[in-house]
Amino acid sequence: MERCSVAQQFEDRFQRKFYYLRLSITDVCNFKCTYCLPDGYKPSAGRPASFLTVNEIRRVVSAFAHCGTSKVRITGGEPSLRKDFGEIIHTIAQTPGIQKVATTTNGYRLAKHIGEWREAGLTQLNVSVDSLDPRMFAQITGENRFQQVMSGIDRAFEVGFEQVKVNVVLMKNLNHLELPQFMAWIKTRPIQLRFIELMQTGEMDALFARHHVSGISIRDYLFGNGWLLKARADNDGPAQVFIHPDFQGEIGLIMPYEKDFCRSCNRLRVSALGKLHLCLFGEQGIELRDLLQDDHQENALIERIQTQLQNKAETHFLHDGNSGVTPHLASIGG
C-alpha cells in the first residue's frame, strides 16, 4: 500500500503541520466537574453511542502516523473507564512512527492500574487536580476522591514515570488563590503544573462569566520571580512552559484567549464516535468511521483528512463569543 512521505505530512493552508492527535475513546465520565459535566454524564438522545473499537483505533492512528503524527493523547470522558484501555494503549504504542503515547485522566484508577498502563506503552501522563484542598477538590469535581488521586500520582512515580503533568482549570473564587500551595507542592516534585484558562462552551456561558480568570497574572508573576520560558518541541501541546533552577517542577500556562494562540496549532482531534474535529471550538465533525472498517481503506482515509484540513480556520472565534458546537469538553476530549 502506498504510504504518505514526509513531504505529504498533514498540513493545512496556513503551513501548520500536525504532529499530535488527540483521540477520544469515550464520552463517559464518572466525575461531575463544575466546568465540564456538572450534572454528570448523560447519554445523547437516540440510539446508544458505539465508541471506536480497538481495530478502528488502530486504523486511524496508523493513518495519522503515516502522515507525520508522532504523538497520540488518549482522552475522554474518562478514558480509563474502558475495560480495554490497556489494549488500546498497547495498540497505539505498537504503531510504527508513534513515539509518545499520553493520556489525560481524572486519576481515580491510577493507583491500581498505572503500572500495567506503563507496561502497555504509556509514556506520558496528565492528571486533573483542580485543587490541593480536599474540600475544594470535592466541590469542583463532585467526587470525594482527593487522596485516591494523589496516591495515584505517587504510584506513577514509583512505577517509573520521570514526570507527571497535572492539569488545573483556573476558576475565580474557587481555586485561583491556591498558587502558593501549588508552587510549594512542585518545589521538590517533578510535576509539570499546567494552569488552564476556563474556556467558554455551549452549555457553560454563565459559569464562564462567573469564574473566568486570565493566566496573564500568573505569567507576570513567573517572569518577575526568575522563571524562564522553555522551548517547545514539534509535538508538544499548547502550553507555555516555565522552568526555574530552584524547582524540580515546571509550570505550564494554557491561555486560549491570548493573541496568536492558534498560530502554532499542531494537533487534530478524533472523537470517540470517529469524527475528525479540526478545532476544539469548530463546527460539526467530519465523519471518518466509514473509512475505518478495513485496512485497505487507508489511502481514502488519508485523502479525506488531508482534504478536510484545507478547511481548518486560521483561528478560533472565542473572542466573538463563538465556541462552535462543542456542548462541553467531554464531548470531543477537551
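Just so you know, glycine gets a Cβ as well, placed from its N, Cα and C.
The annotation in Swiss-Prot ties Arg73, Thr104, Lys165, Arg267, Leu268, Arg269 to GTP, and of the candidates under consideration, Arg16, Arg22, Arg219, the one tied to the same site is Arg22. The 10 Å shell around the Cβ of Ser128 (S-adenosyl-L-methionine binding site) contains 23 further Cβ atoms across the protein chains shown. For the pair Leu268 (GTP binding site) and Cys29 ([4Fe-4S] cluster 1 binding site), the C-alpha distance works out to 22 angstrom. For Cys262 ([4Fe-4S] cluster 2 binding site) paired with Cys36 ([4Fe-4S] cluster 1 binding site), the C-alpha to C-alpha distance reads 22 Å. Rounded to a whole number, the C-alpha distance linking Cys265 ([4Fe-4S] cluster 2 binding site) with Arg73 (GTP binding site) is 15 angstrom. Around Arg73 (GTP binding site), taking its Cβ as the centre, 24 other Cβ atoms fall within 10 Å, counting all chains.
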